[in-house]
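See below for the structure under consideration.
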């Protein structure tokens, strides 16, 4: 498919993907796709990533139920990054992170009382991860 | 600095960075940082990236004037992606892309009249790139 070849794939045949919640604008997660993952995402209208840790296609939500409905697929000016606008579905909508939080970007760099910088979790856990992945 | 070591750097000593406009929520660009770039970003309050093409630190806006004021720095649950919330400054505020557009993510996958998928530029050029980079 020609449109897939417009993308500059990494040497591993991957492209980085940003998933942004359509309604809130929140950046929910960052993952990777290969050609097949992107083709299936476009076909299915749901996010299908390439799991680098498991080395296989990963239909987001296949275990957690936290499927991402895809509204649009964009590429950047270098054609080497994909931006999805999605709705985060599931039994408890709006949970993208495996920690049970809304977004994977929940740690923020803050300055502590002693003047040091440190990462602090600033967003709440909405659902116990143990109950998300219990089979 | 300890907080830098919380990040999982690539083998090349880099981390991917998403720049999101604070007020609009728009994802404006995607780039990379090394430790020094991230440390300087935190210190300066302006985005400093690592340019992989030029192989040097890149204080965004150093040529174009399109500096990014940094409001917050977050990392994701794997500590291997950084999310900046920024304000896109400059003579003409709100232009992040070297093409003169608001965002680098201006091409969207659409279905054409003959049923084929194709990328289409869907955002306007706000300023002629030739006038951005003219010295």
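Using N, Cα and C of the backbone, Cβ positions are placed for all residues, glycine too.
Curation plays no part in TrEMBL annotations; they are all automatic predictions.
Long-range Cβ neighbours of residue B:78 (Mg(2+) binding site) (same chain, at least 6 residues apart, Cβ-Cβ under 8 Å): B:8. Under the DSSP three-state reduction, residue B:78 (Mg(2+) binding site) is assigned to coil, being neither helix nor strand. The feature Mg(2+) binding site is assigned by TrEMBL to B:76, B:78, B:80.
Per TrEMBL, Zn(2+) binding site is recorded for B:77, B:97, B:104.
The annotation domain 'Phosphoribosyl-AMP cyclohydrolase' is assigned in TrEMBL to B:29-106.
Shown are the binding-site residues B:76, B:80; of these, the residue with the fewest other Cβ atoms within 10 Å is B:80. DSSP assigns residue B:104 (Zn(2+) binding site) to coil, not to a helix or a strand. Considering only the binding-site residues B:77, B:97, the Cβ with the fewest other Cβ atoms within 10 Å is that of B:77. If you draw a 10 Å sphere around the CB of residue B:104 (Zn(2+) binding site), it holds 24 other CB atoms from the protein chains shown.
Per-residue pLDDT, averaged along the domain 'Phosphoribosyl-AMP cyclohydrolase' (B:29-106), amounts to 95 for this model.
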